Amino acid sequence: MADGLNRVHYNPSTAQLVEFALLRGEGELTANGALVAKTGTRTGRSPGDRFIVKEPSSAADIEWGPVNQAFEPGAFEGLWARVEAFLADKELFVSDLEVGADPEHYQPVRVTTQYAWHQLFARNLFIIPEEFNRQDKPVWEIINAPDFVCVPERDGTNSDAAVILNFAERKVLLAGLKYAGEMKKSMFSVQNFLLPAQGVLPMHCSANVGKDGDTTLFFGLSGTGKTTLSADPKRFLIGDDEHGWAPGGVFNIEGGCYAKCIDLSQKNEPVIWDAIRFGTVLENVVMDEHRVPNYKDSSLTENTRAAYPLEHIAQRKEDNRGAEPHAVVFLTCDVSGVLPPVSILSKEQAAYHFLSGYTAKVGSTEIGSTSAIQSTFSTCFGAPFFPRPAGVYAELLMKRIESFGSQVYLVNTGWTGGPHGIGKRFDIPTTRAIVDAIVSGELKNVETVHLDTLNLAVPVAVPGVDTNLLNPVNTWSDKALYAEYAQKLAEAFTKNFAKYQVSDAIRNAGPKA
């Protein structure tokens, strides 16, 4: 990006970016010191507008389809040039950042944004290195031009906006989008493509570590509890959303957190509550007349967010890294009310449930999602972000679990006693008690009961949890109806899993329809 007539601010500080954002009318300051910005009509990710350039160096390794849509190299060149021309006379913000808190597996990235608040977001979510690009790797480039309007007939896009990844040229283009989450997820997709070739499993999970150095991972889609459960006052946070698992340890891909704010309370989520202060970006959060954020207000979107650097969390692992995990938790939000609150999985069951990624779209991060809650299967608990075929990630997971001996658990943060609308959702204290028992190792060799239809082993007792909750059939007043719903869920699993080419051992580890 030429530094000609336009003013370019290199590596600006938090205070400078907040000032610029306020002066330029990009946002407002809240009573707690955070910067609130609104993202217009797109208040979540736009999966229909995400593309990967189809070029010889990467084409054979990508699972092309509705998630990874192909974009022509020539069309990309033209669009990139038009966006550069559009930004040529604009004031711009540029930072040299990194993705991946690991000396071997990081990627250097130069982020250029039209908006000051987007630059603040990038500096909060990516890693600000002490010394940029120590290994002198080729640098990735992100350009974010939210005011550029794409023209599908001219640009080859599907709408007025696009997110395009180009692996050959190490470029990410964001045009016509104000929702900042697209920036972080685009670099996550980049690492999800690059890391497996280095023998590293990229994961859509949160991670924390205990005083004794024991690491726990929490996999799950948006709204299932990854951020809430990993922000544990008794443990040290590694990160809340994106990690790599290499032989020998786990590392955060990011340098910050992107926490959901809907119904946020100091009582239930003290770590997140305290992290929202000066330097934090609040996305689409509504304020009252005294500028106090009203976290209950979903009038703009259910998907309200807080973006803050890990430095805002007192109890964190300062190097953003941890040992290999003793415990791995798959968080699922079961809207049918059928799954138990906790199950203990074999490694084959772990691969089955990892590939299935069964959960619900709760406060979905995708545009057009309303509060209607529906069940979904999202491969690897993050289908929208994984460019390679699912089997690549499942095999890496099995390999890591086997070589380290990690124990995997399936934890339901959804409903019990009936489906959504009839049953009730497990409360956070119940799930926390289950997680406490998992991380302390109390569930490692316990007595279990086998649920035949679901093909799951359920502990008969968990410290601090009402025993009646553990076997889901006990929470339903109509036992026949429970059996019917369990059968329906087993059939949904089997139907979804038919597309995977896996060993019989893995296929037979799922529910029995």
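FYI, residue positions are counted from 1 along the chain as it appears here.
Using the three backbone atoms N, Cα and C, a Cβ is placed for every residue, glycine included.
Owing to the predicted nature of the structure, the values given are computational and were not obtained by experimental measurement.
For the ATP site, Swiss-Prot lists His204, Gly220, Leu221, Ser222, Gly223, Thr224, Gly225, Lys226, Thr227, Thr228, Glu269, Arg305, Thr431; matching the candidates Lys185, Lys317, Lys399, Lys444 against that entry yields Lys185. Binding of substrate is attributed by Swiss-Prot to Tyr179, Lys185, Arg305, and the same site annotation extends, among Arg24, Arg45, Arg432, to Arg45. Just so you know, the Cβ of Ser222 (ATP binding site) picks up 26 other Cβ atoms within 10 Å once every protein chain is counted.
Within 10 Å of the C-beta atom of Asp241 (Mn(2+) binding site) sit 27 other C-beta atoms, taking all shown protein chains into account. Sequence-distant neighbours of His204 (Mn(2+) binding site): residues of the same chain at least 6 apart with a C-beta under 8 Å from its C-beta are Phe188, Phe219, Gly220, Leu221, Asp241, Glu242, Cys380, Phe381, Gly382, Phe385.
DSSP assigns Gly220 (ATP binding site) to coil, not to a helix or a strand. Of all the binding-site residues in the record (Ser222, Thr224, Lys226, Thr228), the one with the smallest CA separation from Tyr179 (substrate binding site) is Ser222. Distance between Cα atoms for Ser222 (ATP binding site) and Arg45 (substrate binding site): 12 Å, as a whole number.
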